[in-house]
Amino acid sequence: MSEDKSGSFYSMYKLCGQLEKESSHSGKTQLIKSFCNVFKGDLYLLAKLMLCKEDKRVFRIKDKAMLKICSHIWDCDLDDMIEDLDNGDFTETCKKFYIEYGKYPEKSTLTLKEVDQVLDSLTVSGKFEDQVKIINKLLKRCTPFDFRLVCRIIDSDLKINTGAKFFLDAFHPQAYDAFKKANNLKGVIEKIQQHDFDNDNGDGDDGDGDDNDDDDGDGDSDSDKKKKKSSGGSGSDSGSKKKSKSFEVAIKLMTPIKPMLPKAVKTVEGVVKSSECFYAEIKYDGERIQIHKDGNQFSCYSRNLKPLMPWKVDEVKPYIPKSTKAQQMILDGEILLMDTKTSQPLPFGTLSAHKKNGFKDATVCVFLFDILYLNGKSLIHLPLKERREILEKNVMVVKNRIEFSEVTIVNGASEKSKLTALLNRVFKEKLEGLVIKDAMSEYEPGCRHWIKIKKDYIHGMADSADLIAVGGYYGSGSMGGLVTVFLMVCYDKQNKIYKTVVKASGGLDDNMIAKLQPKVTSTMTKISKEVSKIPYWLDCPKQYAPDFIVKDIKQAMIFEIESAEFTKSDHHTTGYSMRFPRILKIRHDKDYKTATTLEELVEIGKDIKIVPVGKGDNNSPTTTTTTTTTTTTTTSSKLIKKQQLSDDDDDNDKDSKQQQQEPSKLKFVSDDLLDPFNDKSDDESNKIFILNYVDNSGIWNEKGLSGAIGKKWPSIPKSFSQGDSNIIKSGEIRVEKVKDDSISTNKKVFICNLSCIIPPKSKKESYTFSLKEFKSAIKEAKGAINQKKASVHLAKPQFTSPSWSELDEVLTKELYNSGIKVFVHSISKSSPTTTSPTTTSPTTTSPKITSPSSSSSPSNKLSPLKRGRDEKLEHEIIKDIEPSLPIFEDVNAVIDSKTIDQVDVKRLINSIKTMGGRVSDKWQQVGIGKTTHLICNGMSDLYLHVDRLGGTIVLPNWVDQCFGSDKLLPLHEDYIYFNKKDHPDYSQSSSSSSMSIEEEKIVVTTTSDDPSEGNQQQQDKKVIKESKIIQSKDHSSTTTIDTKITITSTNNNNNGNDNNKTRKKQHLLSIFQECIIFLHDNVNDRETLKRYIIAYGGDISDSVNDKTTHLVASLPNNFSNVKPKDLFKSIINNNSKNNNNNNNNNNNGIIVNSLWLWDSINMSDLLDVKNYKLF
């Protein structure tokens, strides 16, 4: 048997350890270069294992499967391993339990070749018994640290933050580019060895000056990319081209090439500026396929460069030789299911469904869009225009089996309308989107130099719904131990049950995930995916059983979920799901009753959104002529057929048809609604009516459009609120004239308040917009508008019902048809400095309004907020008026039901929760469920308890006032409850002074029994200060509430006269009376705990001495790595020396877990320490 010279696996382990510690890019590359200069093993094997993310082998073992194998070998509890896995990385779990197992070699003897052979054997071993044998054999040769590294290779993540670029740049500056193009690691390594590590720029820098390794996959700076586009080449100079050519690695048949990819843009403008001439290709909603043909042999690869499953391609394989006579070729395309009756692609996911059920009228079809290799020659350096010609000359269309992608040639910005029309057609036909390609561009493997534009990329066109988060799942990797994925559901009114829609995690950053954990802990209970523990009110499939489930649906969080589209799904119990879901925000203003229902979800899914036609588009039609180089007739006939089909669909959808044939007669503009006479205004009228929506309560709304009006013209809300005339009956109007010196004397603005908002009958309900009252108010307003010969300006209301088309119909019928001009204000598509009115479709977004302070400066205009649907609503207009956080976000209140009526208790609970706060049943001073406010209106035991602990105690009217004013009010004496008369801790003095609550000094006195103290006052604990900082709603200021409690110790002979009220000696309970306690620094919330100990009769020791009775630390009972005595070792040793010097007895007390203190407090009794002893 020949000697294994592949190299030591332990040496690779040491290299990984160094790379994990090194943070700089150049440092990592230098470490690799230094290591490989002395490495005598197989460099290709080393590269193969180090670049495990590039290894396309399928090992058939996931994290929990590996734990199951290991638990079987080590005879340990699988549940314990899974529980440990919940805390993070499964590779760490494997290492930890391997160490506990104890039977492992002391020294690593594995070689790289042996590890590679083990990995190869795992790719062909699908049975559990075979996998156990392979892993068991491996474990006999490797240490726990070796095994962790093997597991990381299997998991394709070495956790060293070192990609292919870092590794290959250590050898040659062109090595990574060659690898990207050919995806042939062995060929690259052989080339490196031929160059004998000659490296002119092997510092690991990608040459773009941005310290980014894999940001775009091409290593170009922004300026380089611009050069690349202008030149039509790769963006390199002639010298670098020469270098690249000298290092070029040939494309190899049957070795997949990294696909060229598109990057996202969010506007049509961003596309048309990308090139003077580009191909706009239909983006088919299937799976990427790369076909390699070598004679009669075929291989098909996925986007991830892995072989496609045979069942996906077997149907279409026989048609490949029928479509071409070429012997060798590499084709790029998309595989999907085609409806043979309509010749229309079927939605994403149907290909998998076809495997199980089969579709009678559907076939598997490949849409080809590129050719990379032909008869021994690479074509990737040719421009796209030439490659497309070669593709169409060498491949013939086989109907519904082999097709070409549909292409529209667009000549830059001059043909923007053609692109807009094509997009509208794509979205209406529910295709995925478009891919934009520069006609003169090369094929650059792994680079994102194409552009993709999809519905969910265009601002506001994505589908969204407010769903209920009823379950949570643990994250993985660095997010292990945190709940990062949520099970989203909606309510099925017909069947009276909650049904699943989607699992969502995207959209949350690390900070938001951390913020959500306390909410998860307090409102959810752990069920560890046990189906039997799913509540009766939730219809949840077994495979979606979560790690956590909400305790009470009323406490569930509401998330706004945005997605590319709604799709039908057999996996979720609603029958629907969402593609590419992401969490936009938490809806603190909604609860389980006001979240999207299943019926509403179905309606949202029917919605077809249209891209606004921009200025100069001349109302282009929604169809377009498409051409390719040689298949113009085929493409055009297909387009006509698709247009006929879309027309047929319109017959079934009256509203959609009407919208297409009869566009809105109203004028959609992008001007500032509150500045209608600006220079850019398209309105020539000298008198303007601005419509404002109000209710019949007589109270001016300080939010939304009303709030913006009040800020700019304060006289309007003031006039509105004067006398009894401020109450406007539903369906009626009231007109207020604007007084503004900045408006020319010959021009006038009127605010027309329409009473069409119906206020809620209770706090549980919400405001609604009445179409009936809106019609009535508009009819009444028409007379006033005609009398003044004015035009009308308005914003779309903030309500999703009624629909805008219904309001459009009323405005058109009553105003436009009566000769009144109507302007609907929307978001500008251009920059603030060049904003101009644009005529758009009715689905254009809503108005932009500047704040009063910035109205004169276009550059200071507020940017529009993100829309959740296709229409931006009124409440999204002003960012200052609609802050993102609820005003009671940091409030967790306890309501004293003994001092407040039950009716008021319910009202307070609803108010607090509506404003984003929480309500708890009992007072909790610290921890996740820490309470912040006690709400009471009289003397009670609960009041005394919280008062003695220095808690914040408020009257119910504070909550009511905050709710009414919609802002967090500062706590002053009108809101703070403090009962001095009946308080048992206070004694009356003959000459007590009347002091305000802020000025009053509260003194807690105790009587000393030690005669040696004489008349000297001893201050035991001087000041305990608790400062509660409550963020105000707009985050611009904070309210600080300081509670100072001075605790002094005075002897019986104190002759001082105190005219203020003084507290008597008073303890809640004397449960710690005999205890002198030392708190270690690691104890959580030490200051609060000190206060509790003192309040409950105990004493605090600042150092360990012979009088100390208890030493307290925060450690779990089942600690393993830290010995509790070690925590106090230095303290005890120092104390022992002092005691020996003083000839004192050495009694250091008992070391106990801090839980002993908390449990004793909660049980109101001194518990036995034996269950809490740590030493």
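Just so you know, glycine gets a Cβ as well, placed from its N, Cα and C.
Sequence annotations record features per position, and here Swiss-Prot assigns compositional bias 'Acidic residues' to 199-221.
Under the heading ATP binding site, Swiss-Prot lists GLU281, ARG288, ARG303, LYS437, ARG448, LYS452, citing similarity to another entry as support. According to its DSSP assignment, GLU281 (ATP binding site) is in a strand. Proximity of GLU281 (ATP binding site) to non-local residues of its own chain (separation of 6 or more, Cβ distance below 8 Å) is seen for PHE369, SER405, GLU406, VAL407, THR408, LEU434, VAL435, ILE436, LYS437, given in sequence order.
Look at Swiss-Prot and you will find GLU432 tagged as Mg(2+) 2 binding site, backed by sequence analysis. GLU432 (Mg(2+) 2 binding site) falls outside any helix or strand according to DSSP and counts as coil.
Among the features that Swiss-Prot reports, compositional bias 'Low complexity' is placed at 622-635 (among others).
According to Swiss-Prot, the compositional bias 'Low complexity' annotation covers 829-859 (among others).
Taken from Swiss-Prot, the feature domain 'BRCT 1' applies to 883-976.
Here Swiss-Prot flags 987-996 (among others) as compositional bias 'Low complexity'.
Taken from Swiss-Prot, the feature compositional bias 'Polar residues' applies to 1004-1018.
Swiss-Prot lists 1019-1036 with the feature compositional bias 'Basic and acidic residues'.
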For LYS437 (ATP binding site), the three-state class that DSSP assigns: strand
Cα-Cα distance linking GLU432 (Mg(2+) 2 binding site) and ARG303 (ATP binding site), given in Å to the nearest integer: 17
Largest separation between Cα atoms (Å) of residues that the record links to ATP, namely GLU281, ARG288, ARG303, LYS437, ARG448, LYS452: 18
Inter-residue Cα distance where the pair is GLU432 (Mg(2+) 2 binding site) and ARG448 (ATP binding site), in Å: 18
The domain 'BRCT 1' (883-976): DSSP-derived helix, strand, coil residue counts: 31 helix, 14 strand, 49 coil
Segment-level pLDDT (mean, integer) for the domain 'BRCT 1' (883-976): 81
Euclidean distance between Cα atoms of GLU432 (Mg(2+) 2 binding site) and LYS452 (ATP binding site), Å: 10
Listed in sequence order, residues with CB under 8 A of ARG288 (ATP binding site) and six or more positions away: PRO259, SER302, ARG303, ASP332, GLY333, GLU334, ILE335
Local backbone state of ARG288 (ATP binding site), from DSSP in three classes: strand
Cβ-Cβ distance under 8 Å to GLU432 (Mg(2+) 2 binding site), same chain, at least six residues away: LYS283, TYR284, ASP285, PHE348, VAL426, LYS454, ALA564
